[in-house]
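Listed in TrEMBL for this protein:
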{"type": "SIGNAL", "residues": "1-22", "note": "signal peptide"}
{"type": "DOMAIN", "residues": "24-221", "note": "domain 'GH16'"}
{"type": "ACT_SITE", "residues": "Glu107", "note": "active site, nucleophile"}
{"type": "ACT_SITE", "residues": "Glu111", "note": "active site, proton donor"}
{"type": "CARBOHYD", "residues": "Asn115", "note": "N-linked glycosylation site"}
Amino acid sequence: MKATAGALLAVVAAVLLRGVAAAPPRKPVDVPFDKNYVPTWAQDHIHYVNGGREVQLSLDKTTGTGFQTRGSYLFGHFSMHIKLVGGDSAGTVTAFYLSSQNSEHDEIDFEFLGNRTGQPYILQTNVFSGGKGDREQRIYLWFDPTKDYHSYSVLWNLYMIAFFVDDTPIRVFKNSKDLGVRYPFDQPMKLYSSLWNADDWATRGGREKTDWSKAPFVASYRGFHVDGCEASAEAKFCATQGARWWDQPEFQDLDAAQYRRLAWVRKEHTIYNYCTDHDRYAAMAPECRRDRDV
């Protein structure tokens, strides 16, 4: 029987009222590119390595490129191993995100903003719900993401959206519908990744432009892990909602050790947080305290 919105929200409330031990997401399973993904545009700028177990996206002055999942998903765990553009990457953006396909769209973003040689990459995250975004957070990574592959993943269920870099949580966006905050729960999303030129805003607000003499710019991918409930664009609820591993109580919040790690990211590596931008927002967004962003 298909669940109703009221019943699903009742489940959320019941879980929030009882204490449970949290657990990290399940370990991703690496698969070839074409198991879950297809090119979106500029297919000739995608290079396949090792039988498609690795792909390289290439950006030059003519075009960038990108790919997307074959299906759409309503909740799940999604992970990608990425090695970012090395050297002088100013003006470039490497993106890995989920997005629905309508005017009041939902979106969950990782965006890696390139920089001049020797300067650190900036990782920007954002969450759109019901067409509303403006929830940017930016961090400096604590390693060089151009030297080796690192894992970037999202755990999305009815209770929270958690962003991870390797095994470190860098952000949580909880279901705060009781506070009047819309939450992505009824619009299936595809996963996308792209490498493109955004030198009008990406590096120092657009003051640093892409140096095309350094092209082509290359970002490398592997892993291609998708563990989600596949749904058509018309589906309002996943047919197996409540039965998947990510629905279980231990995956509905972070544990104490993960929250300590998140606090470390906030203290040592966060360079912008919409929750503390008093010039941009007269009042702090209602979800900020619940998400431990302040």
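Backbone N, Cα and C atoms are what each Cβ position is placed from, and that goes for glycine too.
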Alpha-carbon spacing, Asn115 (N-linked glycosylation site) to the residue listed as 'active site, nucleophile', which is rounded to whole Å: 25
Confidence summary for the domain 'GH16' (24-221), mean pLDDT rounded: 95
